[in-house]
Amino acid sequence: MPYRMFEEYNIEVTDDIKDKYKSVITDLGEDVEREGLLKTPERAAKAMQFLTSGYDQDPAAVLKGAMFAEDYKDMVIIKDIELYSLCEHHMLPFFGKAHIAYIPNGHIVGLSKIPRIVDIFARRLQVQERLTHDILECIHNTLQPQGVAVVIEASHMCMMMRGVQKQNSSTTTSGFRGQFEKVETRTEFLKLIASDLH
Ligand SMILES: Nc1nc2c(ncn2[C@@H]2O[C@H](COP(=O)(O)OP(=O)(O)OP(=O)(O)O)[C@@H](O)[C@H]2O)c(=O)[nH]1
Ligand SMILES: [Zn+2]
């Protein structure tokens, strides 16, 4: 199934992660038997499985499932797509927005499929740079448009809650293929995602 709804959890995997979380919580100095924490190992096991559920999903199949022949040759932009991922260094969240554009080459794709592939790649242990390129390459290879552009702006909890503890910094990554490698096309895209015009 290309895009699995996350309602069923594998019981064996959940039990295994649950037991490990019990040890982690105990090692952190807490009492796993106190009322408020009784179900926490299981909740955490399920939460982490959901947050990494992108490994089980095939983003190319999601795009291929909704490609339509259409003779539209101008830029399509989906901006302000919220994303939540986990940094692979600390397994802490990073979150922000993705702005994605493509110029069709005979085929358009169902609009919702773009945020869906963002979620599939975001629900893995990631670095922002690889997340940006995963999305870019998937659209480039699957839809084979005249061009594709991906910009991600994100804040990293590992830099906010711990480490350097910078609350206001954000990181921008970008990738461009095809027509977007030309300055004029790229500039038009960057201007459009910066505007409040929706
Ligand atoms: N390039 C990149 N770095 C990231 C991302 N997420 C977290 N990091 C960084 O990964 C690095 C890991 O560095 P280490 O020195 O091994 O880990 P650390 O001692 O916890 O580092 P500090 O965060 O500086 O305390 C840190 O600089 C993080 O800021 C990401 O998406 N991209
Ligand atoms: Zn981190």
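Just so it is clear, glycine is given a Cβ too, placed from its N, Cα and C backbone atoms.
Sequence annotations record features per position, and here TrEMBL assigns domain 'GTP cyclohydrolase I' to 18-193. Annotation comment: TrEMBL describes Cys87, His90, Cys158 as Zn(2+) binding site.
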Other residues with Cβ within 8 Å of the Cβ centroid of Cys87, His90, Cys158 at the Zn(2+) site?
Leu86, Glu88, His89, Met91, Leu92, Phe94, His156, Met157, Met159, Gly163
Suppose we draw a 10 Å sphere around the Cβ of His90 (Zn(2+) binding site). How many other Cβ atoms does it contain, all chains included?
16
Quick check on the binding-site residues: of Cys87, Cys158, whose CB has the lowest count of neighbouring CB atoms inside 10 Å?
Cys158
Over the span of the domain 'GTP cyclohydrolase I' (18-193), how high is the average pLDDT in this prediction?
98
